[in-house]
2 protein chains.
Amino acid sequence: MENKNYTELSSLGEFGLIDHLTRHIELKNKSTLKGVGDDAAVLDYGEKKILMSTDMLIQGIHFDLTYTPLKHLGYKAVASNVSDICAMNGIPRQITVSLAVSNHFSVESIEELYAGIYLACDHYGVDLVGGDTTSSKTGMCISITILGEAYAEDIVYRNTAKENQLLCVSGDLGAAYMGLQLLEREKAVFAGQPENSQPDFTGYEYILERQLKPEARIDIIKLLKEKNIRPTAMIDISDGLASEIMHICKDSQVGCTIYEEKIPIDYQTYKMAEELNLNATVCALSGGEDYELLFTAPLDLYDKLTALESVSVIGHTCKASAGYTLITRDGNSFELKAQGWVNFNKPETKD
Amino acid sequence: MENKNYTELSSLGEFGLIDHLTRHIELKNKSTLKGVGDDAAVLDYGEKKILMSTDMLIQGIHFDLTYTPLKHLGYKAVASNVSDICAMNGIPRQITVSLAVSNHFSVESIEELYAGIYLACDHYGVDLVGGDTTSSKTGMCISITILGEAYAEDIVYRNTAKENQLLCVSGDLGAAYMGLQLLEREKAVFAGQPENSQPDFTGYEYILERQLKPEARIDIIKLLKEKNIRPTAMIDISDGLASEIMHICKDSQVGCTIYEEKIPIDYQTYKMAEELNLNATVCALSGGEDYELLFTAPLDLYDKLTALESVSVIGHTCKASAGYTLITRDGNSFELKAQGWVNFNKPETKD
């Protein structure tokens, strides 16, 4: 097959590739004094505090290039880092991107990846200020470090929830996981099919987008600030709701009760879960990569919070000794575990 | 074979591993308000500027675990990042470490790696403030991002050298490369040998150490400051002297002349080069990983600089139109290229 758009990575060399990938960067933040092009980036912060976080994505572990377009992958890699800054109630500012790729990738494919990275940078107002590009023996590895800023008094930690506060989440949960299940199913179905056949994702566009191009909820951070709502503790939901709730509760030494009926789940997530014979609530509790925000807030903000379309109050904190409880739709209590809840069957305590 | 010190990585889980690896951290810098344990680290800078840099190391590309002890690898990974901050004339402060490893590694081996990382952190006064640990399908990948600080007026860039300034290097060059050649030779020799036989490195300890446990020249940064010497441009020598000289010269739009006899090369480097039938000067020009500093300085600092034991003046800058020239010991002129010089044989222009 003819392929005009194929340039060997090796034809550029390492410095050539970095130049090639970064020559069009336009710095957006006053605080970026010096971006790519020297040994280190130079950043100017005044009174503000710096937030720094990092994530590594490995081919075959975090993404499958069979069904993940590289542009989406680049976007998601940035979004997941931005999400960490949001989870501190900060504003994302700069990232560095380190990339290892084997020579099997073409320059164009790496450009696609960076197109997604830059798209996300534009969307979130972030500057790419440095990085490293290297070869790998096998597969692709992406490591992103992000800096954000916030006034000290605005920063929200995980360990500052108090007893008897509201537990809230943004958006809806479980969709990214169901999108992944759908992609995996179609991959299995289409293995060995003729090259031009295309899986049909009609009616599942939302869960696919949640998996392939998730957004960090910087809009929620801005909305809460606008409404004068300051979370008392916060975390982003990258590993599933249950695991993140337990992070906040353990670090804050409180317990919690959450209500199954309050957990926000999209229609497509329900529909896909039903098709695959999965429990949608378990998917919301244990499925990762939603990148929504989980936060606590004082009880007296209940009316303000329930008035927000993109926020759900799903329960409340309580004494640590009361443990972590999930109340199901039919009124049963389960102990919440990091992976869904303790028992997928009907509990012994009722009927 | 019995192995009591073997714990499956999988027995800890991802969070367990991170906790396990970071529980003994003691924060050293006042500017580190919050280290490991939340979505992001919180750093407090006042008037100072932040320097941020990142490096990725891939098994089989940057290191060979056959002969690289993991503790040394961890140390080197940090040192190479610290070197980037030194090259900006800054003080290193915080790092994040992202690590991908396959399940073939034991917890103890990863502890060894982190022992090296923490040793380097102690040595350079750096705080580890975050990171990510993940599994990989094959091999190990380490990505480190570093932040440093400096007053704006102290920061030294690559592109600020002027014509007719001194070109200086710290320490000696080519030793790390010769150490690598020695290790590669011994690896080849010992392939298939009984397990208890040990290669003999007597007389080559220095070049081995330069390869396995290089140091960032933070001492040089401090020394120059103490002596009131401010470099006009600076870079660290990670890819070989020739390549780094050309970085400074191209970015600063100047040319240069350097003198072979002035290039500092250790006795062990010469000896090993001779054994392997290599030209030691070419090794110094093209061999990487020395992590020495290359800098330019005004001519009137010549006496001050030559008085420093750990600094060598190797040449000077000139007009860009004069190009990049190496004057050999026998007085011949070669055009300097990023890989050694243009012609390893005798030049046509003489004899």
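Cβ from N, Cα, C; glycine included.
Each residue of the domain 'PurM-like N-terminal' (B:37-149) gets a DSSP state, and the totals for helix, strand and coil are 35 helix, 46 strand, 32 coil. Summarising the annotation, TrEMBL assigns domain 'PurM-like N-terminal' to B:37-149.
Annotation source TrEMBL lists Mg(2+) 4 binding site at B:D39, B:S53, B:D84.
Positions annotated as Mg(2+) 3 binding site by TrEMBL: B:D39, B:D84, B:D236. For B:D84 (Mg(2+) 4 binding site), the count of additional Cβ atoms within 10 Å of its Cβ stands at 27 [all protein chains shown].
Residues or ranges marked as Mg(2+) 1 binding site by TrEMBL: B:T54, B:D55, B:D132.
For B:D55, B:D84, the entry in TrEMBL reads Mg(2+) 2 binding site.
Taken from TrEMBL, the feature substrate binding site applies to B:H62, B:E289, B:W341. Sequence-distant neighbours of B:E289 (substrate binding site): residues of the same chain at least 6 apart with a C-beta under 8 Å from its C-beta are B:S80, B:A176, B:Y177, B:L180, B:R210, B:Q211, B:P214, B:S238. In the three-state DSSP scheme, B:E289 (substrate binding site) is classed as coil.
Look at TrEMBL and you will find B:Y114, B:G131, B:D132, B:R158, B:S238 tagged as ATP binding site. Counting every protein chain shown, the Cβ of B:Y114 (ATP binding site) has 21 other Cβ atoms within 10 Å.
The Mg(2+) 5 binding site annotation in TrEMBL covers B:D239. The Cβ of B:D239 (Mg(2+) 5 binding site) has 19 neighbouring Cβ atoms from other residues within 10 Å, across all protein chains displayed.
Between the CA atoms of B:S53 (Mg(2+) 4 binding site) and B:Y114 (ATP binding site) there is a gap of 20 Å. Taking the Cα of B:D236 (Mg(2+) 3 binding site) as the reference point, the closest of the binding-site residues B:T54, B:H62, B:Y114, B:G131, B:D132 is B:T54. Taking a C-beta cut-off of under 8 angstroms and a sequence separation of 6 or more, B:D55 (Mg(2+) 1 binding site) has the following same-chain neighbours: B:A77, B:S80, B:N81, B:D84, B:S143, B:I144.
The binding-site residues recorded for this entry are B:T54, B:Y114, B:G131, B:D132, B:R158, and the Cα of B:T54 lies nearest to that of B:H62 (substrate binding site). Cα to Cα, B:G131 (ATP binding site) and B:T54 (Mg(2+) 1 binding site) are separated by 13 Å.
Within the model, the domain 'PurM-like N-terminal' (B:37-149) shows a mean pLDDT value of 87, rounded to a whole number.
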